[in-house]
Every structure is written in structure tokens, then in C-alpha cells.
Amino acid sequence: MPELVFFSGTMDCGKSTLALQIEHNRSARGLSGMIFSRDDRAGEGKLSSRLGLVTDAVEVEDGQDLYAYLVDHLSRGGRADYVIADEAQFLAPEQIDQLARVVDDLGLDVFAFGITTDFRSKLFPGSQRLVELADRVEVLQVEALCWCGARATHNARTIGGVMVVEGAQVVVGDVTHSADEVGYEVLCRRHHSRRMTAATARAAALSPDVLPVPST
Ligand SMILES: [Zn+2]
């Protein structure tokens, strides 16, 4: 039976690497995939992983009908044996409904990869719809770690290393970034709720307030 599978996790947990692995394994078996992505770090029309692998993808546009796109592709004699949707948190809920229809009406497996929650620990609408509709939700087990060493379960948005909790839900950035740019950092729940990033923890540790006062 074809399935809609949602592979979810924090940033930096290896989602895109797994997407590329699935693509590799299936194309090695002679299967041909339709790969959708959106706002990938490597640029438009790409699916890339932090480990340096990259493949071409169809850049999803606002309001694009993914089901109609596949029907059109197939009716022109194109092949699609399965579908991969990376950065699926950026898809609209209707586009997730269209992916479910690809499974049910076209009989294709759809593998969606996405971050579950945003920097305020709220569900992305696309991820929420995936949780509602998926046949299976797989939480990726490659553990991202907080600076304290605990399992990172939350995504923080940072500006110059300082965590922010205001702003638009989607601002594209990366976990590697220069100072003063919007970046992202994965944290454990405790340090997300205390807004303590690696940079602020380091600054606190170096602060004269907490250094032992040498006795003279
Ligand atoms: Zn922590």
C-alpha cells in the first residue's frame, strides 16, 4: 500500500540526508522520483544536505497545486514512481492535502521531511497538516544536541547569537551564520525556555559577576 510518511525532527537532525539516501536507494533500483523542495539552503530547485550532497528538485511555489503538477507530468509521459517533499514545513496545508491525494489517487509513496515546530515551539501549519494526515510519522533518531549536551528538541531563532521570540514564522536562515544575521540553533527544552543559546551561555560564563573573586 502506498503511504504518506512524515519524517520529522529539529533542524540539524539529518532529514535532508535521509531524503537523499531514500532517493539514492530507489534510483539505484531503477525507480524515478519527483522531488519537491522549498527554500533549500543550496538555493532554488535544490535538495541539499549539510554533509555536502545535493540533487535537483522542483521548487514549490505559493499556491502551486502539487497533485495537478504530478498529473500533468505523468500525462506528458513523465515518470514518477514516488515523491519526496523536503522542507515540508514550508508547504501550505492545502499542498499537504494534495500530497495525500497523490498517495490515494495516483498510488505513489510520498515521503515528506520537515521541521515540526518553529522558533516559538509552535507547529508549522504544513507540519500540523502532515501530523493530521500522514499514515506514519517517523521522528528522526539522529540526535541533534544542545550546547549543554542534552538532546535538542527545540529550534531557536537567533540574531547575533541572541535568541529572539518575535518575528515572522518563516525567515530563511541556517545553523551556520555570521554575527548579526538571522540564524538558528537547536536547544533542549530547558535552554529554549530560558532563551540560553551557546553564545549567551558562554558570555554568562565569562561574566565577571560569576567569576570567583581572588582573595588578596
Ligand atoms: Zn541545553
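Backbone N, Cα and C define each Cβ position, glycine as well.
Predicted automatically and left uncurated, TrEMBL annotations should be read as such.
Within 10 Å of the C-beta of Glu87 (active site, proton acceptor) there are 24 other C-beta atoms, taking all protein chains into account. Here TrEMBL flags Glu87 as active site, proton acceptor.
In this structure, Lys15 (ATP binding site) is part of a helix by DSSP. Every protein chain shown contributes to the tally, and the Cβ of Lys15 (ATP binding site) ends up with 24 other Cβ atoms within 10 Å. As annotated by TrEMBL, ATP binding site applies to Gly9, Thr10, Met11, Asp12, Cys13, Gly14, Lys15, Ser16, Asp86, Glu87, Ala88, Gln89.
Taken from TrEMBL, the feature substrate binding site applies to Val170, Val171, Val172, Gly173, Tyr184. DSSP classifies Tyr184 (substrate binding site) as strand under the three-state reduction.
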Subset of binding-site residues (Gly9, Met11, Asp86) lying within 10 A of Tyr184 (substrate binding site), CA to CA, in sequence order: Met11
Fewest other Cβ within 10 angstroms of its own Cβ, chosen from the binding-site residues Cys13, Val172: Val172
Residue among binding-site residues Asp86, Val170, Val171 with least C-beta crowding, 10 angstrom cut-off: Val170
